[in-house]
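Peer 1: Features from TrEMBL:
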{"type": "TRANSMEM", "residues": "20-39", "note": "transmembrane segment"}
{"type": "TRANSMEM", "residues": "72-94", "note": "transmembrane segment"}
{"type": "TRANSMEM", "residues": "100-120", "note": "transmembrane segment"}
{"type": "TRANSMEM", "residues": "158-176", "note": "transmembrane segment"}
{"type": "TRANSMEM", "residues": "188-212", "note": "transmembrane segment"}
Amino acid sequence: MMNNLFSIFDPSTNILNLSLNWMSTLIGMMFIPFSFWLIPNRHFLIWKFIIMKLHSEFKILLNSEKNKGSTLIFISLFSFILFNNFLGLFPYIFTSTSHLTISLSMSLSLWLSFMMFGWINNSKHMFIHMIPQGTPSILMPFMVLIETISNIIRPGTLAIRLTANMIAGHLLLTLLSSTGNSMSNYFLFFLLTVQILLLILESAVAIIQSYVITILSTLYSSETN
């Protein structure tokens, strides 16, 4: 039962022993040509509004008045996670963000770049950040240890947060759908209603998680400036 349950997350489609499920990660690229239309449609106008709101918010968090392009990487990160989370809700589309291979690769690469930039260019600021202001002298070694551990586990917490939230909803939908064959028509209608509500909830989770991951990455980046 458990093997069949978790098999929905296996990248099982392959040709010549090449796993093609990961190609679904690039499906979001199909939405990019909308920006080149002569007369933008409503979907593009809504997406442009979301991007501009994110840009204004990230610019405040990053204090990037002079370098306006610094928000581009985080808007791209939000778009990538959002597209993959949403596409995973469609039948027969592989959810790449439910695997640590994708989520940990993203979070670890971002964290490493933030740490390298901070320690190379702003070493004094990074040392000061290790000890909060007003910390008693006797507690300073413990605060340095705690801050070091909290910095090291950041990429893992980001990756696990995204992966766990994507897996939980898909598992719940799969568990409920597997019980439909043994139900009467009355309970089957109730099951469909519950699944529709769960699908709406999962759509909200897909948006919220992409926003949370991006905001946390932005905050981690602002600490190195």
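Cβ coordinates come from backbone N, Cα and C, glycine included.
All TrEMBL annotations are machine predictions without curation.
In the displayed structure, how are the listed features positioned relative to their neighbours?
Peer 2: The list of residues near the transmembrane segment (100-120) in space but at least 6 beyond its ends in sequence, with Cβ under 8 angstroms from a Cβ of it, reads 25, 77, 80-81, 84, 126, 151, 154-156, 158-160, 162-163, 213, 217, 220-221, 223-225.
Long-range Cβ contacts of the transmembrane segment (158-176) within its own chain (Cβ-Cβ under 8 Å, at least 6 residues beyond either end) map to 5-6, 8-9, 81, 85, 88, 95, 97-100, 103-104, 106-108, 111, 191, 194-195, 198-199, 201-202, 205-206, 209, 212-213, 216-217.
Here the transmembrane segment (188-212) has Cβ contacts under 8 Å with residues 78, 81-82, 85-86, 88-89, 161-162, 165-166, 169-170, 172-173, 176-177, 179-180 of the same chain, all six or more residues outside its ends.
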